[in-house]
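Asker: So TrEMBL lists these for the protein:
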type     : residues : note
SIGNAL   : 1-23     : signal peptide
TRANSMEM : 290-312  : transmembrane segment
TRANSMEM : 355-383  : transmembrane segment
TRANSMEM : 389-411  : transmembrane segment
TRANSMEM : 432-452  : transmembrane segment
TRANSMEM : 464-488  : transmembrane segment
TRANSMEM : 514-540  : transmembrane segment
TRANSMEM : 546-569  : transmembrane segment
TRANSMEM : 581-605  : transmembrane segment
TRANSMEM : 625-651  : transmembrane segment
Amino acid sequence: MGSFPRSSAWICLSFMLLCTAHGFYLPGSYPHKYAVGDVLSVKVNSLTSIDTEIPFSYYSLPFCKPSEGVKDAAENIGELLMGDRIENSPYRFKMHTNESDILLCRSDPLTPETFALLKKRIDEMYQVNLILDNLPAIRYTKKDDYYLRWTGYPVGIRVGDDYYIFNHLKFTVLVHKYEETNVARVMGTGDAAEVIPAMDKSGSLPPGWMVVGFEVVPCSFKHDSESIKTLKMHDKYPVKIQCDPTTVSMSIKENQPVVFTYEVSFMESDIKWPSRWDAYLKMEGAKVHWFSILNSLMVIAFLAGIVFVILLRTVRRDLTRYEELDKEAQAQMNEELSGWKLVVSDVFRAPSNPMLLCVMVGDGVQILGMGVVTILFAALGFMSPASRGALITGMLFFYLVLGILAGYVGVRIWKTIKCGDHSGWISVSWRVACFFPGIAFLILTTLNFLLWGSHSTGAIPFSLYVVLILLWFCISVPLTLVGGFLGAKAPHIEYPVRTNQIPREIPPQKYPSWLLVLGAGTLPFGTLFIELFFIMSSIWMGRVYYVFGFLFIVMMLLVVVCAEVSLVLTYMHLCVEDWKWWWKSFFSSGSVAIYIFLYSINYLVFDLKSLSGPVSATLYLGYSLFMVVAIMLATGTVGFLSSFWFVHYLFSSVKLD
């Protein structure tokens, strides 16, 4: 989803990548300072599993509920679309106050239905996700000589025929002393009135602490449920709890209650507040990631350069030979030679289904613009992982606003194909506004019914459906119509040559031209398949994706390669007197979507082997299809526009009677 720069821009992007890797204050963001004894509230997010990819509400299992009742935390559209449901929890800490053996609650006896559901969630390896001061709980497990990092902790574990639940949590909160230097950095980006803390009477900052880390160790501890009947939430548990993560002892049984407890300790850390997300951004195989992508970029840039040079030399040689001849020699040459010069009176003949082509190109411009702008903002740090849902919200916003560009391009091409006649521009604009959103609505609604049937939090609520339809109808459609109006008023692109009334017969081809078009997608696919693995891992494996600077470069290279591939294939078709280049130029670069979909199936079979159930596989393939349609429209648009420019330039350079 994107595209990119030259020499000085590399320096800027390198700087952006360094910033992204080491953390920094986002514009308008600032650390939350807590005094000793201040209450810290832990929030809970949806239960997630890489085995099913279907999120469920935390309180769908018999966990303890807060005494004040369950309340939704502030959410944005992006969080809802991602399936996040952030709610309050009964876990309460006091800043810099270590506490142990804290009783949370004693659940009701497990009914047969609840007992069966709990066992099912344990079998499906569901993870509990907790959040403190916007930091997800992190868990470390040792493997050989190194530690693995996980976000969240498992609901429980199965040993033989018995199921054990993790009912005691050992929290470690890493804190860093609030420093005046941090405030000075914040003042550079945030709102000073909001950020600068009040001074005490001595003129210095009051002591305070910032949360810079949140770790959890889950334990399964056998509680005596009878001994705590009279105790209330947050009371002291009567017996010392020994948390040993290597053993499990609290097996769940039907009609038996479960007792939940926790402990918390605070540790001072050298981690600065701007760097507190670094632990989450240390992706597995980071070195492979960076070096593989650099290697891929160098190869593709070199290959693209060769293609471009060959093309320029070939076209320039043909033009020079043609223009050096006098008129009689040109006529004789036209009789003797075949090639692109012979289709001069047919090359701008209107394609089949011209309105559909205009609609797909208009939508492709909108999707491509959304991708470029979103990834650019993400690379600059405006859509950090700390801003949950910001990426999806930003994509939605940019897509809606860029409707004006989609309408303009779609109608301008329509007017050009019709040689200046703009009649039908309203129909083109409406179809541009409805084509891709209609496909998206169809796919997402189908998947949503599956999620609704599973009672998953990943299902888009009906109220959000209404909001999305209103956003589309009240913002995107009017802007697309405005863009269409501007496109209808703009002058059409005049063809440099006239088109005959009778179309020229296309000679028999040695090989099917569509085979070449489909094969052309392999080169653009080569520019992004390495990055695609990390993006897929981020979406389906729950890893944090943050190298948007590299993604921006890959996107830029993808655009360049798509343009060149389409341009070369268009030239090859014209050379064999095939003047039907319009749709072929679109699909020669758009065919990369086929390879991405095949890669998605490969990823499902070999990397998501544990994905269980037909519903999960259908969801995966449905979302992959949605992504592939968007990529096909964006890359196809790049190919078509570059080929159109090339054909226009080529035939306007030839001396014709």
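Backbone N, Cα and C define each Cβ position, glycine as well.
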Asker: Before we move on, state whether the transmembrane segment (581-605) and the transmembrane segment (355-383) share at least 3 Cβ pairs under 8 Å, counting only pairs 6 or more apart in sequence.
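Answerer: Counting Cβ pairs under 8 Å (6 or more apart in sequence), the transmembrane segment (581-605) reaches the transmembrane segment (355-383), since there are 3 or more.
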Asker: Would the transmembrane segment (432-452) count as touching the transmembrane segment (514-540), if touching means at least three Cβ pairs under 8 Å and pairs must be 6 or more apart in sequence?
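Answerer: Per Cβ check, the transmembrane segment (432-452) does not touch the transmembrane segment (514-540).
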Asker: Do the transmembrane segment (514-540) and the transmembrane segment (464-488) share at least 3 Cβ pairs closer than 8 Å, excluding pairs fewer than 6 residues apart in sequence?
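Answerer: No, since the transmembrane segment (514-540) and the transmembrane segment (464-488) share fewer than 3 Cβ pairs closer than 8 Å, they do not count as touching.
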Asker: Of the listed stretches (464-488, 546-569, 625-651), which one yields the highest count of Cβ-Cβ distances below 8 Å with the transmembrane segment (389-411)?
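Answerer: Top-ranked stretch among 464-488, 546-569, 625-651: 464-488.
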Asker: At a C-beta cut-off of under 8 Å, are there same-chain residues at least 6 beyond the transmembrane segment (625-651) that contact it? List them, or none.
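Answerer: Same-chain residues near the transmembrane segment (625-651) but 6 or more away: 1, 315, 319, 340, 344, 347-348, 357, 360-361, 363-365, 367-368, 371, 436, 439-440, 443-444, 493, 495-497, 524, 558-559, 562-567, 570-571, 574, 581-582, 585-594, 596-597, 600.
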